Amino acid sequence: MPTVISASMAPRTGASQVPRTMPQAAQGKGTEAGVGNPGGKYSAIISRNFPIIGVKEKTFEQLHKKCLEKKVLYLDPEFPPDETSLFYSQKFPIQFVWKRPPEICENPRFIIGGANRTDICQGDLGDCWFLAAIACLTLNKRLLFRVIPHDQSFTENYAGIFHFQFWRYGDWVDVVIDDCLPTYNNQLVFTKSNHRNEFWSALLEKAYAKLHGSYEALKGGNTTEAMEDFTGGVTEFFEIKDAPRDMYKIMKKAIERGSLMGCSIDDGTNMTYGTSPSGLKMGDLIARMVRNMDESRLRDSDLIPEGCSDDRPTRTIVPVQFETRMACGLVKGHAYSVTGLEEALFKGEKVKLVRLRNPWGQVEWNGSWSDSWKDWSFVDKDEKARLQHQVTEDGEFWMSYDDFIYHFTKLEICNLTADALESDKLQTWTVSVNEGRWVRGCSAGGCRNFPDTFWTNPQYRLKLLEEDDDPDDSEVICSFLVALMQKNRRKDRKLGANLFTIGFAIYEVPKEMHGNKQHLQKDFFLYNASKARSRTYINMREVSERFRLPPSEYVIVPSTYEPHQEGEFILRVFSEKRNLSEEVENTISVDRPVRKKKTKPIIFVSDRANSNKELGVDQESEEGQDKTSPDKQEKSPKPEPSNTDQESEEQQQFRNIFRQIAGDDMEICADELKNVLNRVVNKHKDLKTEGFTLESCRSMIALMDTDGSGRLNLQEFHHLWKKIKSWQKIFKHYDTDQSGTINSYEMRNAVNDAGFHLNNQLYDIITMRYADKYMNIDFDSFICCFVRLEGMFRAFNAFDKDGDGIIKLNVLEWLQLTMYA
């Protein structure tokens, strides 16, 4: 819940003292803090385990207002100014001092003269990919000020609190931070502006670091990640050596449309999230950072005289050189922003040009059309002005398109609306978003190379309903783009998480199965080839691909390359025309047994629980006690089945064992039930099991108990055994190696064979609840699961009087059903 931290409280270990009072304000001794609330796909489970504190997460406006009222500066409890917000892999050898901008310089400003790409200079962190995306973002003011909300400053209503907005897996989230920034020798350690007293880029980097858990989490990545987080767009990758002939036209249209573009040169290494782009480990990176800082200590003359304003350019610390600088000035393994495309006249011929920016704010291309190129004298003066040519070391430069495709290897384009790049017309695409999860042992089946489990992956039906409007194309074709994105892998790096290798396949659904939302089974994928698929499985946050297929119904199967890898994802489908994309979900139901003859049905406790509707939770009436206490109620005797010639040997065996254990009252408790069942089950040599546990037997009694006595008579026991026998057959069918266990991936089919039809979330929950660490389910757990399913379905149906699939319970009824199950 929100916490007020007293100004007299000591800072955390390793943290520098941070000012907490308003500038020139004598009143107010505190820092207002807020906490977030959890969420997730399994809301019923998560909500059950989250303390109900009665306080909602406070918004930026609420926190800002409270800080102003109390005259305190905001201090973020979720991202505190200490080493926990910096690095997680190891401790930094020197002490950073966290300072607010008014402590770093006089006259701090949030934005000076509008935010532009020259305001971004990389510091001592390997997040050039993120800064390259910021540079692209500054080219589109509408997008920029969605990420960076207006009306934030260090003068009017300053309270040490700022906020930024990012797209996060389908939603826009508002990230609130304080303005404490890590410094060394009174200089910002990480991203800084070209102006010493401008701080929007440093604060934006801090908000993005908070979103991912730490500054270290931003080390190494692809520009497309940040581009998508800034826009909610979808990214397409181009290997420049395999680029289409009209690549320049594609890039030109992307710039005109406001799309963001980044590019890079492969450094010959397999870059992963565990290392910096050249494979430099975090310890080596930190060591170089320390050397870098020591070599660039500020002289006394660099400090701002007291009372003087400072809008001088920042004295730049050269970034750690873990990328490889080439003789031409370009840097391998480094991310650049594409900030413009033009055609210029040179010696009577048109030359295609590309403008790029290095987020370091320095280190530029030194070939043709670079800032210091000797042949600029042959370029017309008006042409120079149009190209804004100036000889400055600001990290931005022109180069010819021919040189661009010769040196660069990758191009990333983030399309804001997924407009068709191949078309001269701008076309608005429709989009559908689906969230999903791979659960180990249930729905993490791996790629097509693993046919035994591939079919268990989440499946999404795609209905392409209308063909494209293209008069030049005679084919009846639907264009669409599929983008698969894995969630939270960067944030979970500190827990050892890395990006999975992911991809997807698309299959056409046979006409006879159109409209059928059933999960496609193993045999379908064994005998049907995919109609389309991602070009490769790759360890990137998102894999996207364009396709052209005829109108029909398809199923998309997203997967990791290897099975048993657990994680969350979102699947987005963009199409030129109307489409429908949804997860394949079975209707939750249970097959009701068909009665062969008229018999009086057994009435179970769960069927009669609604007779207690009039009772309150705190009532202790005799009626309530009689219904719940076996000591208060005498059980009416049940007629025993006659011992006829037709009675099987097994039934006679049961009767004899039951009589021996039950005694004169012919009723058994959970301990006695365990004894009976295990004596009978042990005679089945083909069923390898250690028998039933006491807890399983208690659940069985709760299922079959017809009067709330907590005991079973022979009739109830006989009915229970019939169910166990039918479930035993199913178990033996899937226990193909006769190990006494079944693979958890087979549980979906086993549950279905027993007449229970569940959706994907419930199959995931069953695996989490009943499978062991080897993803196996033993016989006892198997029966326990089926007993629970039978009981819960029966209880629900008893309360669902009108059959609309919705029930209403009071707290007593709810507790009766859940505690006695």
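Using N, Cα and C of the backbone, Cβ positions are placed for all residues, glycine too.
Taking a C-beta cut-off of under 8 Å and a sequence gap of six or more, Ala662 (Ca(2+) 1 binding site) has these contacts in its own chain: Ile668, Glu672, Leu714. The feature Ca(2+) 1 binding site is assigned by Swiss-Prot to Ala662, Asp665, Glu667, Glu672, with similarity to another entry given as support.
Among the features that Swiss-Prot reports, Ca(2+) 2 binding site is placed at Asp705, Asp707, Ser709, Arg711, Glu716. Residue density at Asp705 (Ca(2+) 2 binding site): 19 other Cβ atoms are found within 10 A of its Cβ, drawing on all protein chains shown.
The Cβ of Asp737 (Ca(2+) 3 binding site) lies under 8 Å from no Cβ of any same-chain residue at least six residues away in sequence. Secondary structure from DSSP puts Asp737 (Ca(2+) 3 binding site) in coil. According to Swiss-Prot, the Ca(2+) 3 binding site annotation covers Asp735, Asp737, Ser739, Thr741, Glu746, on the basis of sequence analysis.
Residues or ranges marked as Ca(2+) 4 binding site by Swiss-Prot: Asp800, Asp802, Asp804, Ile806. In three-state terms derived from DSSP, Asp802 (Ca(2+) 4 binding site) belongs to neither a helical nor a strand segment and is classed as coil.
According to Swiss-Prot, the feature compositional bias 'Basic and acidic residues' maps to 624-638.
What Swiss-Prot records for 641-652 is compositional bias 'Polar residues'.
For the domain 'Calpain catalytic' (73-417), the model gives a mean pLDDT of 80. Annotation comment: Swiss-Prot describes 73-417 as domain 'Calpain catalytic'.
As annotated by Swiss-Prot, domain 'EF-hand 1' applies to 649-683, with the evidence given as sequence analysis.
Mapped onto DSSP helix, strand and coil, the domain 'EF-hand 2' (692-725) counts 23 helix, 2 strand, 9 coil. Annotated domain 'EF-hand 2' per Swiss-Prot: 692-725, in sequence order.
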Open item on the list: I'd like the Cβ neighbour count for Asp735 (Ca(2+) 3 binding site), meaning other Cβ atoms within 10 Å of its Cβ, all protein chains included.
Closed with: 24
Open item on the list: Let me make sure I understand the structure: which of the binding-site residues listed (Ser709, Ser739, Thr741) has the fewest other Cβ atoms within 10 A of its Cβ?
Closed with: Ser739
TODO: Identify which of the binding-site residues Asp800, Asp804 has its Cβ surrounded by the largest number of other Cβ atoms within 10 Å, counting every protein chain shown.
DONE: Asp800
- [ ] Take the C-alpha atoms of Asp800 (Ca(2+) 4 binding site) and Asp705 (Ca(2+) 2 binding site) and report the distance between them in angstrom, rounded.
- [x] 20
Open item on the list: On the three-state reduction of DSSP, what should I expect for Asp665 (Ca(2+) 1 binding site)?
Closed with: coil
